[in-house]
Amino acid sequence: MELATRGKVKEVLFMNTGEGESSYVQNSSFTEKVASMAMPALENAVETLFSKDFHLFQAINAADLGCATGPNTFAVISTIKRMMEKKCRELNCQTLELQVYMNDLFGNDFNTLFKGLSSKVIGNKCEEVSCYVMGVPGSFHGRLFPRNSLHLVHSSYSVHWLTQAPKGLTSREGLALNKGRIYISKTSPPVVREAYLSQFHEDFTMFLNARSQEVVPNGCMVLILRGRQSSDPSDMQSCFIWELLAIAIAELVSQGLIDEDKLDTFNIPCYFPSLEEVKDIVERDGSFTIDHMEGFELDSLQMQENDKWVRGEKFAKIVRAFTEPIISNQFGHEIMDKLYDKFTHIVVSDLEAKLPKTTSIILVLSKIVG
């Protein structure tokens, strides 16, 4: 099934479910590190809410968009609650309530997510801040909440996913324009780069438009997304995962295990923007001001092991956890073990040349009044 429509992507875009060896719960260490790097921005956002007297409303409504199933969303809840308690003590204010909405697409494993919730995360109802948690399935590219209902929005490593594979990647004759690749590469024609940027522009604008209606004036958004430092979208730093996956798929094509047409017609619905591209879209939309924006780099392999096979296998599991549902939809569930085994071998070979660092973008926005 080609990912050419929004409805189809919604059905297959989610992290690996459950708590098994290939699950996102067991393989979210990298996004956990990214989230921890961005926690100061979230803490500052909560401080800002109190400086704008939102605590006088006695309840703060927060949403974590694209929450997935791992421990990261629990860290977000704990951080917001801890900062609210800190400000309550400083301001000697009365007991506050925190309502947290955890959102993701319908395929997300909400059962595992809620099973992981504990009193450690949400506390009890007699504390300074009473915390209530609710699941909200649906696409954040459209409306999810009533108008002017959210004070704080958080999203980590979700906004770079697209609603569909970019439009216009086949010629008038029906030929694939990104043949042999699943993302932008050095060999991709300019039209592929333009199509990806255009799709991200359209989708991120929809995201901002929906939030502009849901977030209260002066409310805050803290967004963390995968991005790039270079102005070139085919820079290896931003596309090496998709390059290595495409090589693994191509090898299985050469072995007759995957139809070549399936590779040629598959384009991953994801885009890693530059800081300039993100800034331009926010300013064009005009609903939010940029309070803070920065890019930071992390080693793609956040591991201490010296054994390159151990490191390669762990990295492959991390990638499998967030790519398998959408990859298996195109190429078949029965081929996944072979594909990711091949991917592991390719990663280990690349470790000799050292994998590029991964760039993340932190974006803190405030809803414009009026």
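In case you wondered, yes, glycine gets a Cβ from its N, Cα and C as well.
What Swiss-Prot says about this one:
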- TYR24, CYS67, ASN72, ASP104, LEU105, SER139, PHE140: S-adenosyl-L-homocysteine binding site (BINDING)
- THR31, TYR157, HIS160, TRP161, ARG226, PHE322: 1,3,7-trimethylurate binding site (BINDING)
- ASN178, ASP264, PHE266, ASN267: Mg(2+) binding site (BINDING)
- HIS154: site 'Involved in substrate discrimination' (SITE)
- ARG226: site 'Involved in substrate discrimination' (SITE)
- CYS270: site 'Involved in substrate discrimination' (SITE)
- ILE318: site 'Involved in substrate discrimination' (SITE)
- HIS333: site 'Involved in substrate discrimination' (SITE)
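Shown here: features listed in Swiss-Prot, placed on the structure.
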{"residue": "ASN72", "record": "S-adenosyl-L-homocysteine binding site", "DSSP class": "helix"}
{"residue": "ASP104", "record": "S-adenosyl-L-homocysteine binding site", "DSSP class": "strand"}
{"residue": "TYR157", "record": "1,3,7-trimethylurate binding site", "DSSP class": "coil"}
{"residue": "ASN178", "record": "Mg(2+) binding site", "DSSP class": "coil"}
{"residue": "PHE266", "record": "Mg(2+) binding site", "DSSP class": "coil"}
{"residue": "ILE318", "record": "site 'Involved in substrate discrimination'", "DSSP class": "helix"}
{"residue": "HIS333", "record": "site 'Involved in substrate discrimination'", "DSSP class": "helix"}
Quiz item: For TRP161 (1,3,7-trimethylurate binding site), which of these recorded positions sit within 10 Å, Cα to Cα: TYR24, CYS67, ASN178, CYS270?
Solution: CYS270
Quiz item: Out of SER139, ASN267, ILE318, HIS333, which of these recorded positions is nearest ARG226 (1,3,7-trimethylurate binding site) by C-alpha distance?
Solution: ILE318
Quiz item: If you count Cβ atoms within 10 Å of the Cβ of ASN267 (Mg(2+) binding site), leaving out that atom itself, what do you get?
Solution: 29
Quiz item: Hey, what's the Cβ neighbour count for ASP264 (Mg(2+) binding site) at 10 Å?
Solution: 19
Self-check item: Close in space, distant in sequence - CYS270 (site 'Involved in substrate discrimination'), Cβ under 8 Å, 6 or more apart
Solution: HIS160, TRP161, LEU162, TYR183, TRP242
Practice problem: Counting Cβ neighbours within 10 Å across all chains shown, tell me which of the recorded positions ARG226, HIS333 comes out on top. | Solution: ARG226
Quiz item: Where does THR31 (1,3,7-trimethylurate binding site) sit in DSSP terms: helix, strand, or coil?
Solution: helix
